[in-house]
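Undergrad: Positions annotated as (6S)-5-formyl-5,6,7,8-tetrahydrofolate binding site by Swiss-Prot, on the basis of sequence analysis: 25, 86, 126, 450. If you look up Swiss-Prot, you'll see 221-373 marked as domain 'TrmE-type G'. Feature annotation from Swiss-Prot assigns K(+) binding site to 231, 250, 252, 255; the stated evidence is sequence analysis. Per Swiss-Prot, the feature GTP binding site maps to 231-236, 250-256, 275-278, 336-339. As annotated by Swiss-Prot, Mg(2+) binding site applies to 235, 256, with the evidence given as sequence analysis.
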């Protein structure tokens, strides 16, 4: 599906004073002509596909804007399947902006929309939709495990899984439709065996959905709030988990007067630890502001660690804090100071540890991952994203309805209705059955330049 216009955008992250090199990407019929117009190459350098040339970008008054390398990739041997030019210029906001503005002033060139390069790759058959989504997920990966799963998708893991399941359903649909049209000429169809095969596909789809939900923790990370009355060791626990002195640790109540954050990775899961100010009654205006932010962190956390003083035991303040945790948010009761004699608790705690000595830390990590559904991701080969999970769940529901049709002993043509729906949903995962409007919605979530 050749495009009539040429798009351009910065394909690398740009920040003030950061990054030695930036890449400006062009794709479309005017890409090569634009590259030749914008980049002036000294000497007799040979232009060719997949060759690099050296030159300068010059403004309308003949002044050099930047020293660059240009890489031409003629279609269809390119990411988008179209003629693609990459201009490698110096990094930094100003240098990149000047070169991009020069590119966008050329005839037939416009600024790319978010995800438009990947969308063209899909429309031109260079990528299936799951691989295109994996590119975006690889760029956004916040941990090595998330990057590994994204690479599995980029290598075709998701596409292969879904294609196999879809082909199994297509085989069954072929059998059913043959019986509808030529039942008298064919041997009887074993409906029970057919149902077993549909049930097997449904169970595999449901497992993919469950794995994908765990994969979300790897992609998006978790927000974990450390809550407790003052001086129970929340800041010590934050420092223990993050392996650095992120919070000031003293024996004075109210030392943490604001919300502190620390980014860590536990068992491949990116986690934002929120060390909240001790929630208590106070006349200190600054501390009151920190407490208000702590309460907001409670409402937005994926899981709450209620840190208790294991030496002092359970108090009325602990009970009040437990009651303030929203009911729908998982919570873990952590008795800190396990290196000291234990106090009394009216209910069992989930984890006993010493933030100072490190004992019990592994138990806390395991409890945290299990409570938020992020445990057991090591054996996962692929992880469906939200869009893919919704479609896989829709296919599984359609297959469940086919069992209801069988129970009612309806004719074969009734079976085909839900089977076609399941096949269509799986085709939407890989992009085999998608409208351009749906593609626009999918790629609008991508970064510009991807």
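Sequential numbering from 1, following the chain as shown.
Backbone N, Cα and C atoms are what each Cβ position is placed from, and that goes for glycine too.
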Undergrad: Which site among 126, 337 has the most other CB atoms no more than 10 Å from its CB, taking these as binding-site residues?
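TA: Result for the most crowded candidate: 337.
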Undergrad: Out of 25, 86, 337, point to the one nearest residue 235 (Mg(2+) binding site) in space (Cα versus Cα); all of them are binding-site residues in the record.
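TA: Of the binding-site residues 25, 86, 337, 337 has its Cα closest to that of residue 235 (Mg(2+) binding site).
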Undergrad: Of all the binding-site residues here, 231, 235, which one's CB has the most other CB atoms within 10 A?
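TA: Answer by Cβ density within 10 Å: 235.
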Undergrad: If you compare CA-to-CA distances from residue 231 (K(+) binding site) to each of the binding-site residues 25, 86, 126, 337, which comes out shortest?
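TA: With Cα distances computed to residue 231 (K(+) binding site), the winner among 25, 86, 126, 337 is 337.
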Undergrad: Given a 10 Å Cβ-Cβ cut-off, pick out the one of the binding-site residues 25, 234 that has the most other Cβ atoms nearby.
TA: 234
Undergrad: Which residues does residue 86 ((6S)-5-formyl-5,6,7,8-tetrahydrofolate binding site) neighbour through Cβ under 8 Å, counting only same-chain ones at least six apart?
TA: 11, 23, 24, 25, 26, 70, 71, 73
Undergrad: Tell me, roughly as an integer, the mean pLDDT over the domain 'TrmE-type G' (221-373).
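TA: Here the mean pLDDT over the domain 'TrmE-type G' (221-373) amounts to 79.
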Undergrad: Taking the Cα atoms as reference points, how far is residue 337 (GTP binding site) from residue 126 ((6S)-5-formyl-5,6,7,8-tetrahydrofolate binding site) in Å?
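TA: Between the alpha carbons of residue 337 (GTP binding site) and residue 126 ((6S)-5-formyl-5,6,7,8-tetrahydrofolate binding site) there are 58 Å.
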